[in-house]
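Noted in TrEMBL for the protein shown:
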BINDING   C:GLU35, C:GLU67, C:HIS70, C:GLU160, C:HIS193  Mn(2+) binding site
BINDING   C:ASP58  Ca(2+) binding site
REGION    C:245-291  region 'Disordered'
Number of protein chains: 6
Amino acid sequence: MYYHDKRLQYPVRVETPDPLFARQLQQAIGGIEGEIRVCLQYFFQAWGARGPSTKYRDMLLHTATEEIGHIEMLATAVALNLENAPLSLQESTVAANPVVNAVMGGERPRHMVEGMLQRHILSTGMAAFPANADGVPFDCSHVYASGNLAADMFANVTAESTGRVLAVRLYNAAHDPGMKDMLSFLIARDTMHQQQWLAAIEELGGARALPIPNSFDQSKEKQEFSYVFLGTDRDGVPPPEGRFTTGPSLDGKGQFSVMQNMPLGDEPVLGPAREGSGAQAEQIGKPASGG
Amino acid sequence: MYYHDKRLQYPVRVETPDPLFARQLQQAIGGIEGEIRVCLQYFFQAWGARGPSTKYRDMLLHTATEEIGHIEMLATAVALNLENAPLSLQESTVAANPVVNAVMGGERPRHMVEGMLQRHILSTGMAAFPANADGVPFDCSHVYASGNLAADMFANVTAESTGRVLAVRLYNAAHDPGMKDMLSFLIARDTMHQQQWLAAIEELGGARALPIPNSFDQSKEKQEFSYVFLGTDRDGVPPPEGRFTTGPSLDGKGQFSVMQNMPLGDEPVLGPAREGSGAQAEQIGKPASGG
Amino acid sequence: MYYHDKRLQYPVRVETPDPLFARQLQQAIGGIEGEIRVCLQYFFQAWGARGPSTKYRDMLLHTATEEIGHIEMLATAVALNLENAPLSLQESTVAANPVVNAVMGGERPRHMVEGMLQRHILSTGMAAFPANADGVPFDCSHVYASGNLAADMFANVTAESTGRVLAVRLYNAAHDPGMKDMLSFLIARDTMHQQQWLAAIEELGGARALPIPNSFDQSKEKQEFSYVFLGTDRDGVPPPEGRFTTGPSLDGKGQFSVMQNMPLGDEPVLGPAREGSGAQAEQIGKPASGG
Amino acid sequence: MYYHDKRLQYPVRVETPDPLFARQLQQAIGGIEGEIRVCLQYFFQAWGARGPSTKYRDMLLHTATEEIGHIEMLATAVALNLENAPLSLQESTVAANPVVNAVMGGERPRHMVEGMLQRHILSTGMAAFPANADGVPFDCSHVYASGNLAADMFANVTAESTGRVLAVRLYNAAHDPGMKDMLSFLIARDTMHQQQWLAAIEELGGARALPIPNSFDQSKEKQEFSYVFLGTDRDGVPPPEGRFTTGPSLDGKGQFSVMQNMPLGDEPVLGPAREGSGAQAEQIGKPASGG
Amino acid sequence: MYYHDKRLQYPVRVETPDPLFARQLQQAIGGIEGEIRVCLQYFFQAWGARGPSTKYRDMLLHTATEEIGHIEMLATAVALNLENAPLSLQESTVAANPVVNAVMGGERPRHMVEGMLQRHILSTGMAAFPANADGVPFDCSHVYASGNLAADMFANVTAESTGRVLAVRLYNAAHDPGMKDMLSFLIARDTMHQQQWLAAIEELGGARALPIPNSFDQSKEKQEFSYVFLGTDRDGVPPPEGRFTTGPSLDGKGQFSVMQNMPLGDEPVLGPAREGSGAQAEQIGKPASGG
Amino acid sequence: MYYHDKRLQYPVRVETPDPLFARQLQQAIGGIEGEIRVCLQYFFQAWGARGPSTKYRDMLLHTATEEIGHIEMLATAVALNLENAPLSLQESTVAANPVVNAVMGGERPRHMVEGMLQRHILSTGMAAFPANADGVPFDCSHVYASGNLAADMFANVTAESTGRVLAVRLYNAAHDPGMKDMLSFLIARDTMHQQQWLAAIEELGGARALPIPNSFDQSKEKQEFSYVFLGTDRDGVPPPEGRFTTGPSLDGKGQFSVMQNMPLGDEPVLGPAREGSGAQAEQIGKPASGG
């Protein structure tokens with residue numbers, strides 16, 4: 001179960017509110033690279049963790065709980081960036097708006113409205129919501145928790161890698177020193193979280209734990225296809241040479257090679273459509289109704 | 001551009017069609033661990049690949065193209081498993097149905113209909129569709145292509161890891177020898193594809209390429225938080241010890257440590273709601289209309 | 001604007017309620033082939049109809065309004081099929097349930113629950129909801145209204161064709177005479193609606209109105225590709241002969257022919273990733289941070 | 001920011017695991033009436049709360065934080081109900097499975113698989129995931145936080161009302177005493193949370209705070225339509241009499257009355273389609289291309 | 001069943017078309033606070049209404065039918081606001097466009113295109129579509145119809161409260177007198193509809209009908225948690241005092257109190273992963289394949 | 001199975017990159033009128049094709065395979081239009097950006113960022129992704145493959161009609177000669193594909209094959225409603241006269257006529273809510289709990 005502290009994990013300050021930056025920050029809240037995703041992902045991995053001990057459940061709970069605080073920081077940052085954003089398309093009422101002036105340099109506030117997420121004006125009353133920077137709501141199918149610990153750790157590395165890429169892009173896009181400061185903290189946490197899940201992978205055996213899942217008897221797979229790069233160039237031009245085309249495989253169980261892909265199966269033939277299945281009569285091989 | 005061969009990459013045979021297994025196979029077509037996802041993911045990574053050469057674009061195109069053929073094999077397998085599946089809830093018309101008898105051992109075909117994806121009966125005429133095993137359509141937000149090659153490679157390892165976990169589960173669930181044979185091939189390909197993307201990561205520098213993105217100047221991040229595990233236990237009970245709590249970080253740039261999480265920021269205070277923003281009068285600090 | 005009559009357009013009777021049939025009927029409510037879709041589709045086409053007269057707006061309003069009544073009939077049929085369906089997994093409380101006995105022939109009510117949409121029990125209190133037979137909510141992206149009248153009429157023919165296919169499949173799956181009677185009415189209306197939209201296409205010029213949109217100057221398209229079937233067989237095996245490979249085109253403006261597809265463009269080369277774009281350093285061509 | 005305790009808010013015990021009940025419990029996790037929804041809803045309302053004080057932000061944080069623990073309890077209950085559920089459709093391997101025997105009374109395990117969410121087997125390794133009882137992922141568009149405190153409180157009452165309805169249905173459907181015990185706790189919390197949000201509404205003025213938002217000058221609305229029930233019966237049959245057709249309005253600002261709806265506007269006429277807009281030539285009023 | 005009149009419920013006039021306002025109006029059509037939602041919500045509540053009489057079904061049908069006309073008015077308003085909106089990014093062709101001049105005051109039409117929903121140009125031919133102001137299609141999971149009349153009435157109050165908040169925001173954002181007039185009518189109807197559903201709640205017993213559902217025997221809930229506010233502040237700081245922390249509960253059945261939340265359950269322990277479940281070997285407690 | 005050639009089907013050149021046009025092109029990739037849709041639609045129709053021969057499977061595979069190359073061309077065009085697009089909201093860093101200057105004519109780069117899909121900056125690193133022009137991801141429920149060949153052919157005509165409408169709109173919106181050239185090719189292919197599917201319909205019997213499905217015995221439908229236009233005008237004003245109101249039906253099996261719609265059914269009466277179903281006590285007809 002869970003507790004809270006009213007204060008934020010790290011200070012969130014905005015000197016020059018910018019509603020377009022509020023929009024961009026939404027990606028870090030409700031985007032697939034964002035914090036709702038990692039928060040729920042680590043929680044569901046923890047809550048479903050099966051294994052000899054509760055070690056990984058335990059570890060995951062710490063970081064999942066930390067992530068709630070990151071959503072909170074970003075939601076606060078969005079609300080602060082929306083302070084005094086224009087509510088209207090009309091010029092006169094917003095002309096003297098200091099936010100518009102600071103950010104737009106005297107241009108028409110209408111332009112600022114054009115770049116905003118309309119739901120910041122219309123649906124949230126100038127606050128964050130769980131959607132991405134183009135307004136698409138977060139959808140929990142992105143919460144990856146496979147029941148396989150190693151697969152999940154790779155999913156977590158991925159999430160923190162795309163998450164740090166996003167945070168870096170936001171850092172580069174930001175013009176406010178408070179926002180840059182907040183992002184420099186979140187970027188550091190993403191650095192640690194990348195490390196953390198990779199450390200868990202190392203603990204679980206690293207490359208020796210491959211292929212995932214390592215609980216399947218590999219003698220049951222068609223092993224002649226387990227370490228071969230299949231080329232699909234129409235004229236048989238081989239793929240570029242790389243670590244993946246030659247030499248020992250990373251799990252130490254095979255040798256990489258290259259082969260041109262070719263059909264081993266036949267052209268498939270399905271049975272005709274059945275009477276009563278709603279197909280055209282020709283697909284069934286019967287006369288059309290009334291025909 | 002692309003070409004096809006009418007034949008399948010690998011034989012697909014079904015001795016005892018089973019419409020519930022058809023349902024389960026849908027996960028490998030339209031599930032987030034499935035083949036549409038990896039196919040489109042590799043294509044979009046290829047089509048957007050930026051860098052000094054076209055090497056990774058080139059490599060990705062081979063494997064993306066291979067994956068179209070995997071969707072095709074699975075779609076064929078679904079259609080074959082749906083041959084002669086019941087069309088109706090009524091007993092009489094299907095009583096002598098050999099599929100029902102083979103799979104259900106003489107029980108009422110109604111039970112078989114209950115376990116089916118209803119859209120196999122109602123919407124596809126006994127064929128595959130791009131949805132998962134519970135009927136949720138595939139949604140292309142799962143196509144991860146971040147513009148960062150290393151992040152994408154980890155996304156690909158994840159996809160092939162959860163993909164192989166799924167294929168193993170399907171193999172274990174299957175009772176038909178043709179299906180087990182097809183899956184043993186797909187499992188082998190997943191083995192290779194896990195290796196392939198990890199090999200690319202090694203080529204790109206492996207742990208030395210961390211943190212992702214490695215193009216961001218780390219001196220700009222709050223480095224005191226870059227290698228520290230933050231514990232959130234209410235009573236300060238430390239997290240379990242592991243590779244992630246002590247010793248050198250995997251990128252060789254820091255030392256892991258543990259710290260109890262604590263608030264560095266204040267309780268946030270947002271400005272009051274603005275006149276005209278649709279809030280309650282109390283939030284604005286004005287009298288209610290007509291009050 | 002709109003009016004209602006409390007009575008139904010056509011009688012809806014259920015003699016033997018069947019909760020699995022209730023599930024199947026959901027496809028005709030909230031499936032992409034269902035009645036919410038055509039209702040909203042015809043309304044949005046009407047409300048956005050532009051042209052020299054209001055004729056098509058007018059005509060569309062009649063049929064859109066009729067379709068509300070079809071949703072109503074189906075929603076009523078779902079509720080009637082859920083009368084006395086089991087609320088529980090436990091055997092004892094439902095053992096004497098006449099619905100279970102009628103439909104299941106003395107088997108355990110648990111089986112009936114297994115086949116139901118769980119939300120019929122848990123979320124709706126035994127009533128219809130706007131989702132399909134596997135529980136996926138209807139999503140209004142399926143409301144096709146393109147602003148081009150001819151394209152929309154083809155969309156309508158498609159909707160009524162897949163709609164009648166669905167209604168026929170439901171008719172075949174049904175065992176209740178009241179349900180068969182209701183479906184025989186809906187199937188007849190689908191017959192008319194297919195005719196109606198095709199009649200509108202004929203009125204708009206039929207094949208002579210092609211290609212859609214006919215307001216684009218065809219001299220601006222690459223006309224050497226306008227009537228040629230491009231084959232993509234890897235070995236150049238030609239496509240099957242048909243009306244689409246030879247003879248005059250249907251719009252009377254060209255002759256069908258067949259050609260093997262081949263690349264006319266080059267391998268594309270994108271610029272390198274830019275500094276600050278969050279790519280790996282290698283993609284930018286600069287040293288890694290701290291490297 | 002946030003803290004955790006490894007222990008659960010309330011005990012979760014399962015004596016007889018039942019994978020179909022695991023499926024039903026998913027509705028309370030990822031359904032629109034479920035706990036992820038209220039948890040995120042209260043958090044986003046808190047994080048965006050604007051007003052003279054931080055009172056409601058503060059209050060909302062307590063309850064939002066409590067709700068994380070409810071998701072945790074339910075996710076644990078799902079995992080416990082999936083212990084020893086069948087992994088396969090084949091009879092032989094699961095015949096002696098004690099779960100199957102306990103729940104199914106000696107019937108074929110295949111039936112149990114038919115009723116399960118297939119992703120419990122294929123995607124999660126027998127654990128919870130953030131989707132509803134029919135497998136549809138939770139979508140954060142259901143997180144209602146409008147920026148208007150009174151509207152949000154009604155949204156919260158609604159969420160806790162449908163939430164308690166759901167919990168009661170699950171209680172009635174359950175056969176396991178541990179599950180009934182857990183649900184009796186969650187039902188009690190829903191009772192409190194209904195009370196709590198209604199108490200906040202009373203604090204905000206109750207009926208006197210209507211209409212929401214109360215910051216809009218009512219003299220600007222067409223007040224002759226503000227307290228009149230519009231009847232749409234085609235033949236003018238009046239609506240049923242009730243509190244809403246006669247007597248003083250609840251906000252004390254008007255008198256309810258009834259009126260037959262009738263068109264006050266004209267038939268709308270849109271401009272013709274424009275040249276270059278992709279419409280058919282007839283909609284533009286020009287000759288077809290090449291015609 | 002249903003009838004129509006070609007005329008609108010209330011006049012819709014646009015003097016100065018504005019494509020960005022067309023975008024904002026989409027929120028009232030396809031947003032979760034919008035008219036499609038309430039229309040379908042009231043219809044599905046009506047069609048599934050169970051109870052001693054048809055009174056609420058009857059009442060709901062009137063208002064649902066009225067709401068179709070509201071969608072129609074808004075769709076008309078969107079189309080009128082899109083008259084003569086730019087079709088192109090190029091300056092020359094649109095320079096003399098009177099709409100651009102009226103709204104943009106001589107600036108480049110490109111700016112206007114930037115703020116538009118791109119699908120107004122590309123997909124609808126300058127007409128409304130069932131999506132919100134950021135282009136996300138309406139999804140029918142927002143149609144709340146729980147089978148519990150009181151819960152549904154609260155859902156309806158919520159919908160009309162957020163709906164009126166939205167209409168007020170649109171009124172404030174609008175610059176066109178015709179649009180302000182139309183919105184003043186819709187705002188009045190939202191006032192009535194809020195009243196109407198609250199009146200129904202009063203009729204159903206008001207606070208005495210709580211908790212919802214009132215058909216569950218409260219002695220079965222853990223009543224010691226039914227009226228207590230649980231605080232989750234890490235340091236035990238109590239929640240703010242309010243109507244919800246002390247005094248009689250609103251249903252007259254209890255007394256509010258405050259308690260610090262604390263774990264009553266243990267740390268949960270799930271069984272190990274099972275052989276064949278696709279977990280890592282370590283989770284199962286067996287050696288890795290080939291290890 | 002499938003092969004590729006690194007070169008493009010047709011040249012893709014961009015002289016003046018324009019990130020807003022990149023956004024618009026997304027509609028042709030991930031919009032419902034776009035290329036991912038037709039590509040997957042033709043593939044799934046092919047893979048599920050049932051009938052006396054493999055002719056249509058074969059034909060569909062050619063065109064599906066061609067469509068992969070169209071997605072590739074458009075994705076390349078998006079990436080090229082994003083070259084040198086601004087990464088930041090700040091003026092100074094991008095002031096001398098040649099893309100901004102070329103497209104914006106010296107205005108502030110901030111305006112360009114406002115019109116962009118934010119995910120082009122934040123999520124893809126300036127590359128295409130499978131979403132539409134407003135950022136909504138493609139959802140595979142739009143892949144229509146009904147199992148009825150004639151219905152599917154009409155779905156394909158619809159897809160290519162709305163596809164060509166879209167391509168024409170993009171052609172008109174484009175200012176770059178390379179983009180106009182690419183689109184003139186795609187428009188020509190859409191012309192052919194419209195023809196191709198209509199030719200298949202002719203081959204399948206054209207109007208004589210109606211109604212779809214033609215395998216249902218029409219004597220089972222309520223034939224008095226099969227060719228009658230039902231008018232729903234409240235006052236009985238008849239629908240506009242047209243090909244659909246009089247004369248022989250297109251399938252030659254009936255005569256069109258017009259009839260005023262009227263209720264043939266009764267007001268429906270559902271059973272009361274059941275004990276234990278979570279309804280209010282009044283709906284069940286029992287006293288409220290503790291009441």
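Residue numbers in this text run from 1 along the chain shown.
From the backbone N, Cα and C atoms, a Cβ is placed for every residue, glycine too.
Secondary structure counts, DSSP: the region 'Disordered' (C:245-291) has 4 helix, 8 strand, 35 coil. Cβ neighbour count for C:GLU67 (Mn(2+) binding site): 24 (other Cβ atoms within 10 Å of its Cβ, all protein chains included).
Here the Cβ of C:GLU35 (Mn(2+) binding site) has 26 other Cβ atoms within 10 Å, regardless of which shown protein chain they belong to.
Ranking the binding-site residues C:ASP58, C:GLU160 by how many other Cβ atoms lie within 10 angstroms of each Cβ puts C:ASP58 at the bottom.
Classification of C:GLU160 (Mn(2+) binding site) by DSSP places it within a helix. Counting every protein chain shown, 27 other Cβ atoms lie within 10 Å of the Cβ of C:HIS70 (Mn(2+) binding site). For the pair formed by C:GLU35 (Mn(2+) binding site) and C:ASP58 (Ca(2+) binding site), distance between Cα atoms is given as 20 Å, rounded to the nearest Å.
Sequence-distant contacts (6 or more apart, same chain, Cβ under 8 Å) of C:HIS193 (Mn(2+) binding site) comprise C:VAL38, C:THR63, C:ASN156, C:GLU160, C:GLY163. Those residues of the chain, other than C:GLU35, C:GLU67, C:HIS70, C:GLU160, C:HIS193, with a C-beta within 8 angstroms of the mean position of the Mn(2+) site C-beta atoms are C:VAL38, C:CYS39, C:THR63, C:GLU66, C:ALA159, C:GLY163, C:LEU186, C:ARG189, C:ASP190. By a Cβ separation below 8 angstroms, chain F lies close to these of the binding-site residues C:GLU35, C:ASP58, C:HIS70, C:HIS193: C:ASP58. By a Cβ separation below 8 angstroms, chain E lies close to these of the binding-site residues C:GLU35, C:ASP58, C:HIS70, C:GLU160: C:ASP58.
For C:GLU67 (Mn(2+) binding site) paired with C:ASP58 (Ca(2+) binding site), the C-alpha to C-alpha distance reads 15 Å. In this structure the alpha carbons, written CA, of C:ASP58 (Ca(2+) binding site) and C:HIS70 (Mn(2+) binding site) are 19 Å apart.
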